[in-house]
């Protein structure tokens, strides 16, 4: 190999204000914790709620129709309930008069009235369920559309700590929010009707003081509930976050169950005296391993578990006594001496944090339920006190008839029930508030990322750069100081590119390379040196902060990761991805030829057997578990060959396949005109590339020409040549 260019960037690292700003943008944990504390029942929460309502009613025909139907049924139910009170009074009157016929007719009429009310209540519940279903559909599709646009989901998962567990927010949080909202809307529709109608009846059957006393009684209840409910918003918000974290931990254990089991076996074979001390792991724990920062960072070993557990210690002695008491009731014990797996220990710590906050929810819920139930159960006493006022306190010596007592009592109770709906719904509102905060914050952060506000780019400098390009539409603004321009697919050029890890640590500066079509580039270096990071930057997944990149359009580039991504679908759908069967189809003969070319045509036979066995679910859901890592990589390579891009970015994409097949991959790619930028460690990769970009542990980079002494075409037999040419000439690639 001949070294043509050597660059050392150690002297080029300047902590400018711009770089400091960039680093700070990735340290968002404090901001997220601050947002948890700031979630409370206030005007800001109401404005967030209004923004969600605008989304739900963006297409107003169906939701407004359901709302009007609900309103009509609520009005009918309120009106029918009036006759229930009158008929109950008639039943009491029949007892005093001894009129049997009048009694039977009153019971029959009351039965019809109550039956009608029950039917209307069932219809209302049905409409509420339909409203929740429609709202969930609207809101979920809206957020999913934003979430998947321009790979926004990757930016959120890789860079942004402000949104924890976005999967939970899209799935369960939206479902719970819409269900609660529909229930609250139903009560808020019927509640005002009941209040207005029975305010009038109480005024006409008793006097002005009757509705006034009921109003004052429940206004006092509202104030008390407001004081109790406000802190519960942030507590419920935190509880939802902890529930999501706990679920994600077990999801990760499920995904890496085999690796965890194998590691645990090796742990059992080690003797305690031969193991490293925990202090050995503390030194140099925080590394700049950018390649692993987005994939597998913290689930294998938690070397800071002692510090993490101290966070959950209870500092309040009174609360600690209560917690210990509850632990005794539940049978918890801290005397367990059995050595736990790291994953079990992490799950235990996470679960303890979840339970601790759940206790807070339970205690605050106790206060809220107490105040709500207190005013609900005191309402009958307030009712009889109102009826007693004209008899005992206004010198009105007339004795009320049983029928009058029944009607007046019923009217007061119904008025109180209208207010009770608002008191009882306060618990639902506290839960709803947490969902509002989580859903709206996700929408807000997604919009900010789409607008590049989250990266806090220097707008002045961005405008200057746009002006310098004469407003060229081909310039893609990355929200940072780096620019990506698109060409016709002839080359990939990096000019003075400087990039960082997601934590804000600089990797390399002023990288300049030019990869022309037909000249493969190999990137080599130690693990964690930033090789994969450079691939992500070229793809546009990661921002870079200095320099420029000139590359083909996305449709002319194809990315193959080390761990292939297999969708839920058939083998044909695996090859078509990222397209679907609705957009393209592959003839069976071409499928067979492609799979034979890379010696995995037996998978097609296996698929045919699965279809004959009618194991459709196994076919569409378990390919990832059924295939070896090498088979998965070969399917991804066939996907690349089928799509035939101008450039392929391969991140150790052949690490699990034999070298004979690896050689075939590069030869087929060359025959099809696919230029490859490879990341790898194998020395055997050198002969397939013309240029080497080498990184070292000191953050130096070297660009070298590769003198290939082997003619790779001589290593592949003529039969392979004929097959390759046949595939390359097939119209399916055109």
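Even glycines carry a Cβ here, placed using N, Cα and C.
Of the given residue ranges 31-51, 52-72, 73-93, Swiss-Prot assigns the label transmembrane segment to 52-72.
Packing against the transmembrane segment (52-72) from elsewhere in the chain are residues 124, 127-128, 130-131, 134-135, 138-139, 142, 185-186, 189, 436, 439-440, 443: each is 6 or more residues past its ends and has a CB under 8 Å from a CB in it. Applying an 8 A CB threshold to same-chain residues 6+ apart, the list for residue 526 (ATP binding site) reads 695, 696, 697. The 10 Å shell around the Cβ of residue 530 (ATP binding site) contains 27 further Cβ atoms across the protein chains shown.
Secondary structure from DSSP puts residue 525 (ATP binding site) in coil. Using a 10 Å radius centred on the Cβ of residue 528 (ATP binding site) and all shown protein chains, the other Cβ atoms total 19.
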